[in-house]
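Since the structure comes first, as C-alpha coordinates, the remarks are kept for the end.
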Amino acid sequence: MSTPEPLDGSTPTSTSPPDRSGFDAGAQSAKSSALRKRRAQIKEELSQLQRDFVDTFDRAKDSDNPALSGLRVDWFLRALPGVGPTKTTKILERLGINPRATIGGLRINQRTAFRRELVELTKNLQPRRTIGRLVVIAGPTAVGKNTVISEILKARPEIEMSVSATTRPPRPGEVDGVDYYFVPDEQFDALVESGELMEWAVVHGTHRYGTPRGPVLRQQRAGKTVLLEIDIQGARQLRDGGEEALFIFIAPPSFDALAERLESRGTEDSDERQRRLATAVEELGARGEFDHVVVNDVVQDAAQDIVDLLEATTPRGD
(Lines of atoms letter the chains of each structure in order from A and count residues from 1; the text may use other names and numbers.)
(Lines give C-alpha, C1' and ligand atoms only; values in the text may rest on other atoms or scores of the structure.)
Protein backbone atom coordinates (compact mmCIF):
# COMPACT_ATOMS: atom_id res chain seq x y z
CA MET A 1 0.00 0.00 0.00
CA SER A 2 1.37 3.39 -0.97
CA THR A 3 1.92 6.09 1.64
CA PRO A 4 -1.11 8.41 1.87
CA GLU A 5 -0.52 11.80 0.27
CA PRO A 6 -1.16 15.01 2.18
CA LEU A 7 -4.40 16.79 1.39
CA ASP A 8 -3.42 19.93 -0.54
CA GLY A 9 -5.18 23.13 0.33
CA SER A 10 -6.55 21.68 3.53
CA THR A 11 -5.84 24.65 5.80
CA PRO A 12 -9.03 26.66 6.29
CA THR A 13 -8.78 30.18 4.95
CA SER A 14 -10.35 33.13 6.68
CA THR A 15 -12.89 35.13 4.71
CA SER A 16 -14.33 38.58 5.25
CA PRO A 17 -17.75 38.61 6.92
CA PRO A 18 -20.62 39.64 4.63
CA ASP A 19 -21.37 43.36 4.59
CA ARG A 20 -24.86 44.69 5.10
CA SER A 21 -25.75 44.18 1.47
CA GLY A 22 -25.09 40.44 1.82
CA PHE A 23 -22.02 40.49 -0.44
CA ASP A 24 -19.14 38.42 0.92
CA ALA A 25 -16.03 40.00 -0.59
CA GLY A 26 -13.72 37.31 0.77
CA ALA A 27 -15.77 34.45 -0.65
CA GLN A 28 -16.10 36.21 -4.02
CA SER A 29 -12.34 36.76 -4.16
CA ALA A 30 -11.70 33.08 -3.37
CA LYS A 31 -14.10 31.98 -6.13
CA SER A 32 -12.45 34.31 -8.65
CA SER A 33 -9.02 33.01 -7.68
CA ALA A 34 -10.16 29.39 -8.05
CA LEU A 35 -11.65 30.18 -11.47
CA ARG A 36 -8.41 31.76 -12.70
CA LYS A 37 -6.43 28.82 -11.36
CA ARG A 38 -8.64 26.29 -13.17
CA ARG A 39 -8.49 28.22 -16.45
CA ALA A 40 -4.71 28.38 -16.22
CA GLN A 41 -4.62 24.62 -15.71
CA ILE A 42 -6.84 24.00 -18.76
CA LYS A 43 -4.61 26.24 -20.90
CA GLU A 44 -1.50 24.40 -19.68
CA GLU A 45 -3.06 21.03 -20.54
CA LEU A 46 -3.96 22.33 -24.00
CA SER A 47 -0.48 23.71 -24.66
CA GLN A 48 1.07 20.41 -23.55
CA LEU A 49 -1.32 18.55 -25.90
CA GLN A 50 -2.80 16.68 -22.96
CA ARG A 51 -6.25 17.86 -24.07
CA ASP A 52 -7.77 17.66 -27.50
CA PHE A 53 -8.46 21.19 -28.81
CA VAL A 54 -11.53 20.36 -30.90
CA ASP A 55 -13.08 18.21 -28.18
CA THR A 56 -12.49 20.92 -25.57
CA PHE A 57 -14.05 23.52 -27.87
CA ASP A 58 -17.10 21.31 -28.49
CA ARG A 59 -17.61 20.67 -24.78
CA ALA A 60 -17.49 24.38 -23.95
CA LYS A 61 -20.73 25.08 -25.83
CA ASP A 62 -22.97 23.21 -23.39
CA SER A 63 -20.80 23.39 -20.29
CA ASP A 64 -22.09 24.97 -17.09
CA ASN A 65 -18.51 25.33 -15.89
CA PRO A 66 -17.31 28.94 -16.37
CA ALA A 67 -13.67 27.84 -16.25
CA LEU A 68 -14.21 26.02 -19.55
CA SER A 69 -16.95 27.99 -21.31
CA GLY A 70 -15.38 31.30 -20.24
CA LEU A 71 -11.98 30.71 -21.90
CA ARG A 72 -11.22 33.62 -24.24
CA VAL A 73 -10.77 32.71 -27.90
CA ASP A 74 -7.41 34.50 -28.16
CA TRP A 75 -6.00 32.61 -25.17
CA PHE A 76 -7.40 29.38 -26.58
CA LEU A 77 -5.71 29.85 -29.97
CA ARG A 78 -2.41 30.91 -28.44
CA ALA A 79 -2.25 27.62 -26.55
CA LEU A 80 -1.74 25.95 -29.94
CA PRO A 81 1.91 25.16 -30.78
CA GLY A 82 3.15 27.63 -33.39
CA VAL A 83 0.26 30.07 -32.97
CA GLY A 84 1.52 33.31 -31.44
CA PRO A 85 -0.10 36.72 -30.88
CA THR A 86 0.30 37.91 -34.49
CA LYS A 87 -1.18 34.79 -36.06
CA THR A 88 -3.98 34.77 -33.49
CA THR A 89 -4.90 38.37 -34.34
CA LYS A 90 -4.95 37.63 -38.08
CA ILE A 91 -7.14 34.53 -37.63
CA LEU A 92 -9.68 36.31 -35.46
CA GLU A 93 -9.81 39.35 -37.75
CA ARG A 94 -10.43 37.09 -40.74
CA LEU A 95 -13.20 35.25 -38.87
CA GLY A 96 -14.71 38.46 -37.53
CA ILE A 97 -14.44 37.35 -33.89
CA ASN A 98 -13.63 39.67 -30.99
CA PRO A 99 -10.45 38.46 -29.22
CA ARG A 100 -12.21 38.87 -25.87
CA ALA A 101 -15.10 36.60 -26.88
CA THR A 102 -15.30 33.28 -25.03
CA ILE A 103 -15.31 29.85 -26.64
CA GLY A 104 -18.61 29.05 -24.95
CA GLY A 105 -20.30 32.29 -26.04
CA LEU A 106 -19.76 32.38 -29.81
CA ARG A 107 -22.71 32.81 -32.16
CA ILE A 108 -23.62 29.86 -34.39
CA ASN A 109 -21.88 31.19 -37.51
CA GLN A 110 -18.79 32.18 -35.49
CA ARG A 111 -18.69 28.77 -33.83
CA THR A 112 -18.89 26.99 -37.18
CA ALA A 113 -16.11 29.10 -38.71
CA PHE A 114 -13.88 28.88 -35.62
CA ARG A 115 -14.29 25.11 -35.40
CA ARG A 116 -13.41 24.69 -39.08
CA GLU A 117 -10.25 26.74 -38.51
CA LEU A 118 -9.42 24.74 -35.39
CA VAL A 119 -9.72 21.41 -37.20
CA GLU A 120 -7.32 22.65 -39.87
CA LEU A 121 -4.81 23.98 -37.32
CA THR A 122 -4.77 20.77 -35.27
CA LYS A 123 -4.97 18.08 -37.96
CA ASN A 124 -1.25 17.28 -37.75
CA LEU A 125 -0.84 17.54 -33.98
CA GLN A 126 0.18 14.35 -32.20
CA PRO A 127 -1.13 14.17 -28.61
CA ARG A 128 1.50 13.69 -25.96
CA ARG A 129 0.36 10.88 -23.70
CA THR A 130 2.60 11.93 -20.84
CA ILE A 131 -0.32 12.26 -18.48
CA GLY A 132 -2.18 9.31 -17.00
CA ARG A 133 -5.84 8.82 -17.78
CA LEU A 134 -8.78 9.45 -15.50
CA VAL A 135 -11.44 6.74 -15.04
CA VAL A 136 -14.68 7.71 -13.30
CA ILE A 137 -16.75 4.92 -11.73
CA ALA A 138 -20.20 5.68 -10.35
CA GLY A 139 -23.40 3.86 -9.52
CA PRO A 140 -26.19 3.66 -6.95
CA THR A 141 -25.72 2.85 -3.29
CA ALA A 142 -25.02 -0.81 -2.41
CA VAL A 143 -24.30 -1.74 -6.03
CA GLY A 144 -20.89 -3.01 -4.93
CA LYS A 145 -18.61 -0.34 -6.38
CA ASN A 146 -15.90 -0.74 -3.73
CA THR A 147 -15.87 -4.53 -4.06
CA VAL A 148 -15.61 -4.35 -7.84
CA ILE A 149 -12.84 -1.76 -7.62
CA SER A 150 -10.90 -3.97 -5.20
CA GLU A 151 -10.96 -6.73 -7.81
CA ILE A 152 -9.85 -4.30 -10.52
CA LEU A 153 -6.87 -3.21 -8.41
CA LYS A 154 -5.91 -6.86 -7.86
CA ALA A 155 -5.85 -7.39 -11.62
CA ARG A 156 -4.19 -4.04 -12.38
CA PRO A 157 -2.11 -3.08 -9.31
CA GLU A 158 -0.43 -0.25 -11.23
CA ILE A 159 -3.71 1.70 -11.20
CA GLU A 160 -4.06 4.35 -8.50
CA MET A 161 -7.25 4.88 -6.49
CA SER A 162 -8.21 8.46 -5.67
CA VAL A 163 -8.95 9.24 -2.01
CA SER A 164 -12.01 11.44 -1.44
CA ALA A 165 -12.54 14.04 1.26
CA THR A 166 -15.73 13.79 3.32
CA THR A 167 -17.43 15.52 6.23
CA ARG A 168 -18.90 12.28 7.58
CA PRO A 169 -17.28 10.57 10.58
CA PRO A 170 -15.11 7.48 10.03
CA ARG A 171 -16.72 4.05 10.16
CA PRO A 172 -15.06 1.29 12.20
CA GLY A 173 -11.80 0.25 10.58
CA GLU A 174 -11.53 3.24 8.23
CA VAL A 175 -8.20 5.09 8.18
CA ASP A 176 -7.83 8.82 7.54
CA GLY A 177 -5.85 9.46 4.35
CA VAL A 178 -6.31 5.88 3.16
CA ASP A 179 -10.06 5.31 2.95
CA TYR A 180 -11.02 9.00 3.03
CA TYR A 181 -9.72 12.34 4.17
CA PHE A 182 -12.07 13.00 7.10
CA VAL A 183 -12.44 16.76 7.45
CA PRO A 184 -14.72 19.11 9.43
CA ASP A 185 -17.25 21.30 7.61
CA GLU A 186 -15.06 24.39 7.93
CA GLN A 187 -12.14 22.68 6.22
CA PHE A 188 -14.38 21.35 3.46
CA ASP A 189 -15.67 24.90 2.90
CA ALA A 190 -12.08 26.09 2.49
CA LEU A 191 -11.35 23.34 -0.07
CA VAL A 192 -14.40 24.35 -2.11
CA GLU A 193 -13.61 28.08 -2.02
CA SER A 194 -9.96 27.57 -2.96
CA GLY A 195 -10.84 25.41 -5.98
CA GLU A 196 -8.94 22.43 -4.58
CA LEU A 197 -11.80 20.01 -5.27
CA MET A 198 -12.32 18.59 -8.76
CA GLU A 199 -15.93 17.89 -7.82
CA TRP A 200 -18.03 17.75 -4.68
CA ALA A 201 -21.60 16.96 -3.70
CA VAL A 202 -23.98 16.44 -0.80
CA VAL A 203 -24.69 12.70 -0.79
CA HIS A 204 -27.98 11.23 0.50
CA GLY A 205 -28.92 14.67 1.79
CA THR A 206 -26.45 14.57 4.67
CA HIS A 207 -22.65 14.61 4.33
CA ARG A 208 -20.43 16.18 1.67
CA TYR A 209 -17.89 14.29 -0.42
CA GLY A 210 -15.32 15.66 -2.86
CA THR A 211 -12.20 14.77 -4.84
CA PRO A 212 -9.00 16.72 -3.96
CA ARG A 213 -7.37 17.91 -7.18
CA GLY A 214 -3.71 17.91 -6.09
CA PRO A 215 -3.16 14.19 -5.41
CA VAL A 216 -4.98 13.19 -8.63
CA LEU A 217 -2.87 15.53 -10.77
CA ARG A 218 0.37 14.29 -9.18
CA GLN A 219 -0.57 10.69 -9.98
CA GLN A 220 -1.60 11.55 -13.54
CA ARG A 221 1.59 13.52 -14.17
CA ALA A 222 3.50 10.44 -13.07
CA GLY A 223 1.75 8.60 -15.92
CA LYS A 224 -0.63 6.67 -13.66
CA THR A 225 -4.21 5.73 -14.48
CA VAL A 226 -6.38 7.08 -11.66
CA LEU A 227 -9.77 5.67 -10.63
CA LEU A 228 -12.37 8.00 -9.12
CA GLU A 229 -15.27 6.34 -7.30
CA ILE A 230 -17.80 9.15 -6.99
CA ASP A 231 -21.54 9.79 -7.06
CA ILE A 232 -23.65 10.86 -10.04
CA GLN A 233 -23.53 14.56 -9.12
CA GLY A 234 -19.74 14.50 -9.06
CA ALA A 235 -19.52 12.66 -12.38
CA ARG A 236 -21.73 15.30 -13.97
CA GLN A 237 -19.54 18.08 -12.59
CA LEU A 238 -16.44 16.48 -14.09
CA ARG A 239 -18.07 16.00 -17.49
CA ASP A 240 -19.52 19.53 -17.54
CA GLY A 241 -16.14 20.88 -16.48
CA GLY A 242 -14.50 19.33 -19.52
CA GLU A 243 -12.42 16.72 -17.68
CA GLU A 244 -11.14 14.11 -20.10
CA ALA A 245 -12.12 10.80 -18.55
CA LEU A 246 -13.68 7.41 -19.20
CA PHE A 247 -17.07 7.39 -17.45
CA ILE A 248 -18.32 3.96 -16.30
CA PHE A 249 -21.65 3.27 -14.56
CA ILE A 250 -22.01 0.14 -12.40
CA ALA A 251 -25.62 -1.08 -12.35
CA PRO A 252 -27.33 -3.82 -10.29
CA PRO A 253 -28.93 -6.82 -12.03
CA SER A 254 -32.30 -5.52 -10.75
CA PHE A 255 -33.70 -2.95 -8.33
CA ASP A 256 -34.87 -5.75 -6.00
CA ALA A 257 -31.31 -7.10 -5.89
CA LEU A 258 -30.09 -3.63 -4.96
CA ALA A 259 -32.61 -3.35 -2.10
CA GLU A 260 -31.60 -6.79 -0.81
CA ARG A 261 -27.91 -5.88 -0.86
CA LEU A 262 -28.56 -2.65 1.02
CA GLU A 263 -30.54 -4.43 3.72
CA SER A 264 -28.11 -7.33 4.05
CA ARG A 265 -25.07 -5.18 4.71
CA GLY A 266 -26.75 -3.79 7.84
CA THR A 267 -24.88 -0.50 8.04
CA GLU A 268 -27.97 1.74 7.81
CA ASP A 269 -31.21 1.93 9.77
CA SER A 270 -34.62 1.69 8.08
CA ASP A 271 -35.00 5.43 7.48
CA GLU A 272 -31.52 5.71 5.98
CA ARG A 273 -32.17 2.70 3.72
CA GLN A 274 -35.33 4.35 2.39
CA ARG A 275 -33.43 7.58 1.70
CA ARG A 276 -30.72 5.70 -0.15
CA LEU A 277 -33.19 3.68 -2.21
CA ALA A 278 -35.02 6.86 -3.20
CA THR A 279 -31.69 8.32 -4.32
CA ALA A 280 -30.88 5.08 -6.18
CA VAL A 281 -34.01 5.43 -8.33
CA GLU A 282 -32.74 8.80 -9.58
CA GLU A 283 -29.19 7.53 -10.00
CA LEU A 284 -30.28 4.55 -12.11
CA GLY A 285 -32.00 6.98 -14.44
CA ALA A 286 -28.63 8.60 -15.18
CA ARG A 287 -26.96 5.50 -16.61
CA GLY A 288 -27.36 6.81 -20.15
CA GLU A 289 -25.05 9.73 -19.34
CA PHE A 290 -22.04 7.41 -19.07
CA ASP A 291 -19.71 6.01 -21.72
CA HIS A 292 -20.27 2.43 -20.58
CA VAL A 293 -22.65 0.51 -18.27
CA VAL A 294 -21.41 -2.61 -16.45
CA VAL A 295 -23.88 -4.84 -14.58
CA ASN A 296 -22.56 -6.17 -11.28
CA ASP A 297 -24.20 -9.57 -10.93
CA VAL A 298 -20.98 -11.48 -10.23
CA VAL A 299 -18.22 -9.27 -8.80
CA GLN A 300 -15.33 -10.93 -10.61
CA ASP A 301 -17.16 -10.73 -13.95
CA ALA A 302 -17.99 -7.04 -13.48
CA ALA A 303 -14.38 -6.27 -12.55
CA GLN A 304 -13.09 -8.14 -15.60
CA ASP A 305 -15.54 -6.27 -17.83
CA ILE A 306 -14.09 -2.97 -16.62
CA VAL A 307 -10.50 -4.18 -17.02
CA ASP A 308 -11.38 -5.20 -20.59
CA LEU A 309 -12.87 -1.75 -21.20
CA LEU A 310 -9.69 -0.08 -19.93
CA GLU A 311 -7.56 -2.15 -22.25
CA ALA A 312 -9.88 -1.70 -25.24
CA THR A 313 -10.12 2.08 -24.83
CA THR A 314 -6.48 2.83 -23.98
CA PRO A 315 -5.39 5.63 -26.35
CA ARG A 316 -2.48 4.89 -28.65
CA GLY A 317 0.81 5.96 -27.19
CA ASP A 318 -0.11 5.05 -23.59
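Numbers here mean position along the shown chain, with the first residue as 1.
Keep in mind that glycine also has a Cβ here, set from the backbone N, Cα and C atoms.
According to DSSP, Pro140 (ATP binding site) sits in a coil region rather than a helix or strand. Long-range Cβ neighbours of Pro140 (ATP binding site) (same chain, at least 6 residues apart, Cβ-Cβ under 8 Å): Ala251, Pro252, Leu258, Thr279, Ala280, Glu283, Leu284. Residues annotated as ATP binding site in TrEMBL: Gly139, Pro140, Thr141, Ala142, Val143, Gly144, Lys145, Asn146.
The domain 'Guanylate kinase-like' annotation in TrEMBL covers 132-311.
Taken from TrEMBL, the feature region 'Disordered' covers 1-39.
Of the listed binding-site residues, namely Gly139, Gly144, the sparsest CB environment within 10 A is found at Gly144.
Of all the binding-site residues listed (Ala142, Val143), Ala142 has the fewest other CB atoms within 10 A of its CB. Sequence-ordered, the extra residues of this chain that approach the ATP site, with Cβ no more than 8 Å from the Cβ center of Gly139, Pro140, Thr141, Ala142, Val143, Gly144, Lys145, Asn146, are Ile250, Pro252, Leu258, Arg261, Asn296. Candidate binding-site residues: Thr141, Asn146. Fewest other C-beta atoms within 10 angstroms, Asn146.
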